[in-house]
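Taken from TrEMBL, the feature disulfide bond covers CYS1-CYS28. Marked as domain 'CUB' by TrEMBL: 1-131.
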Amino acid sequence: CNRTLHGEAGRTYELQIQNPHGVYPFVCHLNFTATGGLYGDIVQLNLAKFSIGKFVENYHDVKQHGECTEGFMTISEQGLPNLDGRWCGTASGYTIYYSETKSVNVTLRLDKQPPASGSVSNGFEFRLIYKFLRHSDAKLRNDNRIWNGDLVPGSYCNRNFYDCDKSFQQAPAGPTLDMKV
């Protein structure tokens with residue numbers, strides 16, 4: 001915790017966080033920085049195991065979706081607005097985050113010891129697999145032939161799409177097959 005992590009572009013690294021001393025609140029800051037060239041331009045984070053805090057639904061106020069109790073994770077990026085988004089609960093499936101910038105800050109916070117649940121012995125699991133990628137290797141993100149909409153200024157991922165039928169380019173034609181029905 002409380003460190004900056006670097007690495008070589010294309011290599012895969014793994015990190016597991018625990019709270020061995022049982023001190024609460026437990027706060028862990030991690031910074032992932034791609035320094036360019038052989039060390040990559042953007043960051044890929046794969047949440048291999050994630051169980052932190054609990055999401056409690058808010059049924060009384062339709063404008064508020066709910067809140068994280070007992071703990072949460074936040075992600076922020078250098079130069080982008082801090083939206084104060086919080087992730088909590090238990091994740092499953094393929095959960096990957098790609099940065100927009102060269103530097104990503106991940107903060108984990110546990111306010112109290114969570115109750116044990118299922119296979120999570122202490123109610124907290126965090127294992128991250130991360131990579132630093134060159135822009136040239138992040139083809140789907142950076143291929144100029146693929147239009148992903150126009151980024152909304154001041155947002156992480158909101159996009160505007162205009163004249164979609166004219167903006168999307170067709171893939172190169174491949175072999176054809178004549179069929180009779």
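Note that Cβ sites are derived from N, Cα and C of the backbone, with glycine treated the same way.
Whatever TrEMBL says is automated annotation, not expert-curated.
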When the domain 'CUB' (1-131) is classified with DSSP, how many of its residues are helical, how many are strand and how many are coil?
3 helix, 67 strand, 61 coil
Segment confidence, the domain 'CUB' (1-131), expressed as mean pLDDT:
88
